[in-house]
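Working notes for the structure below.
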């Protein structure tokens, strides 16, 4: 049984999509193994987004991710990583297809910024292990 880390980002929480996201996870047949409300800080975000810390948009990303609470969790099921990523939709809300979480709900704040995209999910088993450790063993 595969596990992955997921997050409902501040825009998803503020706009009231917690129940919708959780319902989609449950309807797909995945188990929710852990679920917590957190406030992210710059330190945990630097570890979570380690590959992005040198990018010019990183301070904006930190501002966005610390703008309100996030819901973090661990879900499990067969092929949960790839299936959850498909359910989320494209990272850029403008490219996300209808029927995906981002396609149905996300809003890009400007043409050059795609950070307000409702949810996050690990992209590989290695990322899932790393992200679960960062957020739950912190």
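Residue numbers in this text run from 1 along the chain shown.
Placed from the backbone N, Cα and C atoms, the Cβ positions cover glycine too.
If you check Swiss-Prot, you get these features:
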BINDING   9, 57, 85, 91, 102, 112  ATP binding site
ACT_SITE  120  active site, pros-phosphohistidine intermediate
Distance, residue 120 (active site, pros-phosphohistidine intermediate) to residue 102 (ATP binding site) (CA atoms, angstrom): 10
Mapped DSSP class for residue 85 (ATP binding site), helix or strand or coil: helix
DSSP three-state assignment for residue 102 (ATP binding site): helix
Per DSSP, three-state class assigned to the residue listed as 'active site, pros-phosphohistidine intermediate': strand
Cβ atoms near residue 91 (ATP binding site) (within 10 Å, other residues, all chains): 15
